[in-house]
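> I'd like to ask some things about the structure below.
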Amino acid sequence: MTQNYGTVPSTLGLRSSLHTPSFSPLLPANVSAVGNNNVLPMTAPAIRIPFTGPLPPPIIVPPSARTVSGAIDALLSFLTAPPSPYLRGVDVGRNAQTVLLTGAGISVASGLSDYRGENGTYVTNKTYRPIYFHEFAKRHESRKRYWARSFVGWPGLVKAKPNLTHWAIKDIGTKGYLSSVVTQNVDSFHSFAHPELSTLELHGYLRSVVCLTCRDQVPRDEFQKSLERLNPTWAEFLARMVETGALDTDHPEEQRRKGLKLNPDGDVDLAEAPYSTFRYPSCPRCLEKPPRLKDGTLARVEVENDGAWLPTSTAGILKPAVTMFGENIDPDVKTAAEEAIDDAGRLLVLGSSLATYSAWRLVERAHKRGMPIGIINIGGVRNEPVLFGTQLEKPDAELGLRCSLNTELILPEVVRQLSALAHM
Ligand SMILES: [Zn+2]
C-alpha cells in the first residue's frame with residue numbers, strides 16, 4: 001500500500017476546519033472523581049475552547065504497557081477478552097466487541113496536525129483561535145477570511161491519505177473484534193479505509209459543504225472549483241504554491257522561501273487581492289428556488305453576475321459540513337454515538353486526549369456502564385485518574401488499558417498476532 005503523507009500547513013488555520021469539536025465545558029457537575037485528587041473542578045462554566053494547557057502525565061495500565069511489546073500484548077488481551085463481568089444493564093449481544101473512539105492523534109501520521117502533540121496546533125501557534133459558528137453564520141467578513149484560508153489549505157488535505165492505523169483498524173474489524181468506530185476527525189480517512197466497518201463522524205466531515213438554510217450539501221471539491229472561478233488571483237497564487245511545494249511544509253521559513261507569506265494571524269494576504277476581497281458562491285439550490293424562512297416570508301438570495309454570494313441575501317450561505325465551535329452536535333448524531341457505545345462491551349480510545357466534551361461524555365457513558373476502557377494516546381488524557389485511578393491496584397489489561405505510545409507502532413502488530421491466533 002503506497003502511503004502519501006501530504007502535509008497540511010498548520011499556520012494556515014486549516015486546523016479550524018480540520019478538528020472542530022463543538023464545545024467543551026469542563027467536567028459536568030455529575031462526574032465523580034474516583035480515588036484521586038487530581039481532577040478538574042466540578043463546576044461547569046461554558047468554556048467553548050477545549051482545555052489547551054498541559055495535561056498531567058499519563059497513567060500506564062498495566063505497567064508492562066510502557067514498552068511497545070507490552071502494549072501490544074495488553075491490547076491483544078483487551079480485544080480478545082470475554083465480556084466484562086462488571087458490565088451493567090445490558091444484554092450479552094455484542095458485548096464481546098469493542099467500539100473505537102478516535103481523535104486527531106491518529107491522523108498525525110497522515111500529515112495532519114493534532115492539537116496537543118509535539119507539533120500540535122496549540123503548541124506551535126500560541127495565538128491560534130478557531131472560528132466560532134456564530135461568527136461564521138452572522139458575518140460575511142468572517143466567512144471571506146475562513147474560505148480564503150480553507151481555499152489555500154484544501155490541496156494539502158486532498159493529498160493526505162489514511163495511514164497504518166486506519167488500515168489496521170480495517171483488519172481488526174474484518175476479524176470481528178470491532179462493533180463500530182466513532183471519530184472526532186473530519187478527514188474521512190475511516191470511511192475511506194474501511195467502508196464495511198460502520199463509522200460515525202461525531203463532528204461532521206470536510207468532504208462537503210452544507211447550506212445553513214436548506215441543509216443541502218455540495219461536495220467540497222466542487223465548491224473548491226467555484227472558489228477558483230470566483231477568485232482568479234487566488235487561484236493563480238495557489239497553483240504557484242502547489243508548484244513550489246510551499247504547501248508541503250509546516251516550516252515558516254521554508255514556506256517564505258517558497259513564496260508563501262503569512263501575516264501574524266496566520267492568514268495569507270495577497271498584496272493584489274487581500275482576503276477581504278475573497279468571494280464565495282451561494283447554495284445552488286437556494287439560488288434556484290429561494291426557500292421560505294421561518295417567519296413564512298420568501299428568502300432573498302442575491303448573487304453577482306458570476307455567482308458570488310451578496311450580503312444583501314437572507315439565505316443560501318454554505319458552511320463546511322463540520323461542527324464548529326459554539327455549534328451543537330446534530331441530535332441524531334449524538335444519539336447514534338450513544339447507541340454505538342451501548343452496542344459494544346468495551347471502548348478503545350485512539351489518539352484523543354478527550355479535551356472536547358462531546359468525546360469525554362461518551363467515555364464517561366462507557367465508564368458508567370462498566371465497560372472496560374482502553375486509551376492509546378501520547379501524553380496525558382483529561383480525567384484519566386477517574387478512569388484508571390482504581391485500576392492501579394488491579395492492573396488487568398482485560399479490564400482497562402492505558403498507554404502513551406504511537407498507535408502505528410502497536411495496531412499493525414496486533415493485527416499480525418490476531419491472524420496468528422486465528423490459525424492456531
Ligand atoms: Zn440552500
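From the backbone N, Cα and C atoms, a Cβ is placed for every residue, glycine too.
Found this in TrEMBL, in case it helps:
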DOMAIN    82-421  domain 'Deacetylase sirtuin-type'
ACT_SITE  His203  active site, proton acceptor
BINDING   Cys211, Cys214, Cys283, Cys286  Zn(2+) binding site
> How far is it from Cys214 (Zn(2+) binding site) to His203 (active site, proton acceptor), counting Cα to Cα, in Å?
19
> So how many other Cβ atoms are close to the residue listed as 'active site, proton acceptor', meaning within 10 Å of its Cβ?
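Other Cβ atoms found within 10 Å: 25.
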> Just to confirm my parser: what is the rounded mean pLDDT across the domain 'Deacetylase sirtuin-type' (82-421)?
90
> Could you state the CA-to-CA distance between the residue listed as 'active site, proton acceptor' and Cys211 (Zn(2+) binding site) to the nearest Å?
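With distance taken Cα to Cα, Cys211 (Zn(2+) binding site) is 16 Å from the residue listed as 'active site, proton acceptor'.
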> I need the neighbours of the Zn(2+) site defined by Cys211, Cys214, Cys283, Cys286. Which other residues of that chain put their C-beta within 8 angstroms of the C-beta centroid, in sequence order?
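So the extra residues in range turn out to be Leu212, Thr213, Arg215, Asp216, Ser282, Pro284, Arg285, Leu287, Pro291, Val301, Ala315, Gly316, Ile317, Leu318.
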> Tell me the Cβ contacts of Cys211 (Zn(2+) binding site) under 8 Å, same chain only and six or more apart in sequence, or just say none.
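Looking at Cβ-Cβ distances below 8 Å from Cys211 (Zn(2+) binding site), excluding near sequence neighbours, one finds Gln217, Val218, Cys283, Arg285, Cys286, Gly316, Ile317, Leu318, Lys319.
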